[in-house]
Amino acid sequence: MTLSLSTPDFLIERNRDRCINCQVCVRQCANEAHIWDEEEQRVKSDDALCVDCQRCVTLCPTHALTIRKYPLEFRENANWSANAIKAIYKQAESGGILLTGMGNDQPYPIFWDHLLLNASQVTNPSIDPLREPMELKTFLGRKPEKLMVQDGKLVEEMPPQLELEVPIMFSAMSYGSISLNAIKSLAAAAEKTGIMYNTGEGGLHKDLYKYGKNTIVQVASGRFGVHPQYLEAGAAIEIKIGQGAKPGIGGHLPGEKVGLEVSQTRMIPEGTDAISPAPHHDIYSIEDLRQLIYSLKEATQYRKPVGVKIAAVHNIAAIASGIARAGADIIAIDGFRGGTGAAPLRTRDNVGLPIELALAAVDSRLREEGIRNQVSLVIGGSIRNSADIVKAIALGADAVYIGTAALISLGCHLCQKCNTGKCNWGIATQNPLLVKRLNPEIGAERAANLISAWEHEIKELLGGMGINAIESLRGNRLMLRGIGLSDRELSILGVMSAGE
Amino acid sequence: MSVLNAKGVYYRELNRQIRAQFASGVEEVRVQNVNGQRYIGDGISGSQRLILEGTPGNDLAAYMDGLELIVEGNAQDAMANTMNKGRIIVHGHAGDTVGYAMRGGEIYIRDSVGYRVGIHMKEYLDRVPAIVIGGTGGEFFGEYMAGGVLMLLGLGLADAAPIVGSYCGTGMHGGVMYIRGEVEEYKLGKEVKSVSLTAEDEEKIQHYVSEYVRYFGGDAAQILARPFNKLIPANKRPYGDLYCAW
């Protein structure tokens, strides 16, 4: 055992005047950063174990705790940041791939913050959503080239559609990566607000079948828990090719997280690693993807839309065009800020594209090719608020996926330690003592509140633009102006500069 | 029993007809002149019997949940993709990725198979899927295998002829392979090891061989006379030590 060169990331400050040694922090910290010293009869802390999840700070009854960045500073070096040095220490000690959770946290440009929305002044009236009807209803799925009506009825059958009250869905998070209570919260919130949640690739727990009409079931490379009843259980099926946090690589759910119920849901033995290979080994081409899409359509007799989720990567527009032509009804694109339960750090922080550019490129390409109607576009990674959603829809999205934002509504504090399974907020863990900290009824209410709040805000923003239906905003890039962007970026985004 | 003629019928219509037959209570459906139609038997549950004369197309029996499916001809790629339950008997060859992520049921193939057969096969409780192949297997046989039984008989092979391709069992972390004859060390994935047979293995091998002989004929004793090589994962968690927490 060599000496570890790792130093703490955070400093736990305990105000001794306030601390009453009640040990709430000791009981709350799954990382065991707080310790009860029996001999001295007082609480102590080990900074090295703290992940800054803020659980103890939030629950301390006397507000005695503060977590700070650890003040240790390496000698100033513009090239070798503290993180660059610490990463090498960790890898020199373990020989391992650096593993982390949540989305890319690096300071890349955030294009949402360089886009400004329009509003009506004088020449057309704005609309007050509190008094006038405002339509956010969204249908996802293939739309016919043209509608033929005879005797007041459609001549051709409409392809299957997903109906959303608000153009927002909870993105795929598997049972295994997050707790059953977290999924129950999202499923119930989806039912309450008329939207969808997504099972991720972990199968469907028996308690969740009742939320079927608000469920998108996922089929990924590991095919965990995929069987005919599962495919029939949801309102739509999504083939997962990739996710923004880790484009091009698969996933390993470690055996420690595969307890009895996860094992039953995934249909694998308890305690075994659930390995999702990087590719689907039956998909090496667009033609192969078409085969998987149609095998799912055949298996569910064409009653459900089949979507394909991909990570935003450099050639995204051509790939999306291929997916549309392969027969997908919905394409979900996940930007490089999308979250994850576990991803290699270097992949998370260096691979993929900002979703704003990917979305604009894909929407433009599908329009140029005249196939935009064949497929709905759903984007995620990452949507932080309702203004991001309005901008996304103006750029061409039909709806958005929210994952990280949904978890934050349940109490996530973005400590990025989802991979450890020690989530003190009961979200990214399978430890029953931690899971029960998240009450699914309260969780459902909080997540539903978020959706309702954003619904109101979207209506306000639409009303301000003089638009009373979300459909009129879709792909309406005239409602956007760019600020602080290069000509090239403006041209990819397809928006004019602010002031033009 | 009812008989359908697949000649010139597009797969969507053919599959609709097959489903309609089963829905009407028919216990056995025979389809003649099958010629490349895809997705036959996809997602169908039940214990009926489906007999296909000819060559069915890709994704035969995907997500299938219980049928007995007999192919009087060759099968193409991706047969039994994510199959849950049932039995498939192929009187001929089968293509690539047979039994991808298959979780239950049994497949007997008279002749040989292509690449990546049995990839990510699983098992769960009493569901232990099996694929028994009379001939040879291609590369990446049993890749990522997480459960179940894969068996290669190599019938009629010349002495030095290869029974399986390279990268056999790469990433394997569950299940077992029985390969009749020797597999060169260099062909094995680094996650696989060869171990000697137990009495329980002998019993399993006997069972699968007798089933094979029941479907396709042959002499079980003669097949069993040649020793089998048993391959299992070297480690149930091949990637357990791959990571360190950031």
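Including glycine, each Cβ sits where the backbone N, Cα and C put it.
Feature list (source: TrEMBL):
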| type | residues | note |
| --- | --- | --- |
| BINDING | A:Cys19, A:Cys22, A:Cys25, A:Cys60 | [4Fe-4S] cluster 1 binding site |
| BINDING | A:Cys29, A:Cys50, A:Cys53, A:Cys56 | [4Fe-4S] cluster 2 binding site |
| DOMAIN | A:10-39 | domain '4Fe-4S ferredoxin-type' |
| DOMAIN | A:41-70 | domain '4Fe-4S ferredoxin-type' |
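Taking the centroid of the Cβ atoms of A:Cys29, A:Cys50, A:Cys53, A:Cys56 as the [4Fe-4S] cluster 2 site, the other same-chain residues with Cβ within 8 Å of it are A:Ile12, A:Cys25, A:Gln28, A:Asn31, A:Ala33, A:His34, A:Val51, A:Asp52, A:Gln54, A:Arg55, A:Val57, A:Ile67, A:Asn424. Summary of the [4Fe-4S] cluster 1 site environment: with the site residues A:Cys19, A:Cys22, A:Cys25, A:Cys60 set aside, the chain residues having Cβ atoms within 8 Å of the Cβ mean position are A:Arg14, A:Ile20, A:Asn21, A:Gln23, A:Val24, A:His34, A:Val43, A:Cys56, A:Pro61, A:Thr62, A:Ala64, A:Leu65. Per DSSP, the domain '4Fe-4S ferredoxin-type' (A:41-70) is made up of 8 helix, 9 strand, 13 coil. Using a 10 Å Cα-Cα cut-off from A:Cys25 ([4Fe-4S] cluster 1 binding site), the binding-site residues that qualify among A:Cys50, A:Cys53, A:Cys56 are A:Cys56. A:Cys60 ([4Fe-4S] cluster 1 binding site) sits 12 Å from A:Cys29 ([4Fe-4S] cluster 2 binding site), counting Cα to Cα. Within the set of binding-site residues (A:Cys22, A:Cys50, A:Cys60), the lowest number of other Cβ atoms found within 10 Å of a Cβ is recorded at A:Cys22.
Cα of A:Cys29 ([4Fe-4S] cluster 2 binding site) to Cα of A:Cys22 ([4Fe-4S] cluster 1 binding site): a distance of 14 Å. Across the domain '4Fe-4S ferredoxin-type' (A:10-39), DSSP classifies residues as 5 helix, 9 strand, 16 coil. The two recorded residues A:Cys50 ([4Fe-4S] cluster 2 binding site) and A:Cys22 ([4Fe-4S] cluster 1 binding site) have their Cα atoms spaced 19 Å from each other.
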